[in-house]
Amino acid sequence: MDVKEEEVLLSIRSLQKTYKTGDGVRDINLDIRKGELITLLGPSGCGKTTVLRTIGGFLNPDAGEVKIENQSILHLPPEKRPTAMVFQSYNLWPHMTVYDNLAFGLKLRKTGKQQIREKVEQVLKLVRLPGTEKKYPSQLSGGQQQRVAVARALLLEPKVLLLDEPFSALDAKLRMEMREELREIQAAGNLTMVFVTHDQEEALSISDRIVVMNSGRIEQVASPQDIYDQPSSLFVAQFIGRMNFLNGQASKDGIQVQSLRFGNDKGLAGEVTVAVRPEDMVMQDPSAAGMSGTVRQVMVLGHYAEVSVETPAGMTKVFLPREEARALLTGAEVHLGISRATAYSKTS
Amino acid sequence: MNVDKAGLIKMKGKTERTGISSQTKASITGLLMVIPSFALLVFTVIIPISLAVKESFLDTDRAFSLKNYTYLFTDKAMQSNLMFTLNLTLISTALTLLIGYLLAIYLRFNEGRITDWIRKLYYIPMFVPGVIATYGIINMYGNHGWLMRIGNALGFESFPRFIYDYNGLLLANLWFNIPFTTMLLSSALAGIPNSVIESARDVGAGKISIFAKFIVPMTYKTLLVAATFSFMGMIGAFTAPFLIGPNAPQVLGVAMQQSFSIYHEVGIASAMAVFMFLLCSGMGYFYIRSMIKEEPAAR
Ligand SMILES: Nc1ncnc2c1ncn2[C@@H]1O[C@H](COP(=O)(O)OP(=O)(O)O)[C@@H](O)[C@H]1O
Ligand SMILES: [Mg+2]
């Protein structure tokens, strides 16, 4: 993509892996910078784990190349790769204490006893679990177990840390805390991480860049901001955030939605789908150009309200400040404008 | 969770408060329900064992003596019977565990058509009655059995003896015990999540340390169960030794049957039975102790 060659730590080229069932991933190209937290985001079954496990060495790709610091790692087994993986669950070894779980990898690397003790203590402090050395995994909560799992991976000082939905089994509040902590640790250590999730909110909140995947392919790679503001495909537009989809007509002069008109920079033609975020819909004076509609429902959700408006171009959600929404009644005629929109051809 | 617990405690309190009469009723019902199984235990286990123990301490004049035990441990033939049985049982148990463990590990970590076939077929011996399997062994390995005929046709002259020999009994023991052992161990291995093995590889563990540091510690309890069951089944084996065992030395089960019904030496037969029972209860003791011992990793 737009990553300079000398910055690239992990590079994936034309990766392909097809299972016997025909599922799998294709045409995966990705460059990841050092110190970057990149998220693989997509619905369940789109191939995120497959890509991650190929990087980690648990799967052999059918074709393509995976390089770290410009060296191919494909011939290496997982135990020899400069990667470390945090799994979704059952990460910890149930028959070992937290200390042994953490020390095992270091022992294999012939680290001195004293040094192991120091490192374990340090990393436990980092994940906010000091003093738990003697506990067994079953004596920890799910969140604590995942923290230890992250700690164990960090201890190996991998060049790339791979995380496969590590927080998806935790409840919402804990999940939020854990991802903040992870982001802090990542930023403080300038660590490179590939984070898999199917939760778009999670991806938007922690990533430097997001890779949106759909049925085995990459749909878009961009910063959370760009993914949100400029979804490159209808799939991304549907998958990320709330979105209205209106029927429009494209021609050389622009894109027409009812009486509203936008620029046609993609050069589309014919029937198009116009995607508008609810916060980009605005209420307008009847005198201004716009689209008329009927209010069907007003829901006050905290500091803002979600208003459903039926228009000739389709049912539309509009986010309004609570005060503005107070005046609206079901059945009222309103006039809508659009401050920003993206159009997609209907055929693709 | 908390609410459930609180509710439970409340309920308990209620049943306690409803009065002594219902509590007494409950305990009487409980007693009535225990009686049948207790009676069964008394009449099928406790009384026969007590009788056998008593019998083993009586001489031919029905007077108390240790003669039967002295005979059991000093008579040349008896000594070799004992050694033969112990040797056969221990070797069979060890081989059963070894083969069963290897097979179970192979099945756990491999995929493919051959593996699928083995997975489908390996437990068939469990469904073949012992007598039939033993005749099968005679047909296959006997002096004019299939193995020898095929071997002769191919030009081989000498064969190891199987029938009426230690080898045949070993073979029978393996045939009868490997499937169950493999099944037990397979289910223990299936209980190890893939991510446990994969995370071990991820931190740098090779095949040997994965086996020694993960697979063995996570399955040794089941290994112990399998060892106990195999040992107990084999030490009291009768069908195969009776049909294809050597005439001397004999397996304890066969020797016991002969003392009892051919020589009518009830005391000696009883002493043998008591000795076997002690061996098995020793095994059982270790088994139960290690099962009860609080596993720190377990919840
Ligand atoms: N071992 C496997 N054998 C066959 N199909 C598989 C295997 N693993 C995954 N798949 C299929 O490949 C697709 C991608 O799976 P996966 O990478 O696990 O998706 P995700 O992690 O995005 O949910 C899915 O359709 C899944 O069913
Ligand atoms: Mg997955």
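Note that Cβ sites are derived from N, Cα and C of the backbone, with glycine treated the same way.
Heads up, TrEMBL stuff is auto-annotated, nobody curated it.
According to TrEMBL, the feature domain 'ABC transmembrane type-1' maps to B:82-287.
What TrEMBL lists as transmembrane segment is B:31-53 (among others). Outside the transmembrane segment (B:31-53), and at least 6 residues removed from its termini, the chain residues within Cβ reach (under 8 Å) are 270, 273-274, 277.
Residues annotated as transmembrane segment in TrEMBL: B:88-109 (among others). Nonlocal intrachain contacts for the transmembrane segment (B:88-109), taken as residues 6+ away from its ends with a CB within less than 8 angstroms of a stretch CB, comprise 115, 118-119, 122, 166, 169-170, 173-174, 177-178, 181-182, 184-186, 188-190, 192, 215, 223, 226-227, 230-231, 234-235, 251.
Per TrEMBL, the feature transmembrane segment maps to B:121-138 (among others).
Per TrEMBL, transmembrane segment is recorded for B:174-192 (among others).
Taken from TrEMBL, the feature transmembrane segment applies to B:223-246 (among others). Outside the transmembrane segment (B:223-246) by six or more residues, the chain places 85, 88-90, 92-93, 96-97, 100-101, 130-131, 133-135, 137-138, 162-166, 168-169, 172-173, 176-177, 180-181, 184-185, 188, 216, 252-254, 257, 276, 279-280, 283-284, 286-287, 290 with a CB less than 8 A from a CB of the stretch.
Among the features that TrEMBL reports, transmembrane segment is placed at B:266-288 (among others). Among residues of the same chain six or more beyond the transmembrane segment (B:266-288), those with a C-beta under 8 A of the stretch's C-beta atoms are 49, 52-53, 55-56, 58-60, 67-69, 71-72, 82, 224-225, 228, 231-232, 235-236, 252, 255-257, 259-260.
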Sort out the residues at least 6 away from either end of the transmembrane segment (B:121-138), same chain, that have Cβ-Cβ distances under 8 Å to it, and list them.
103, 107, 145, 162-163, 168, 171-172, 175-176, 178-180, 182-183, 239-240, 243-244
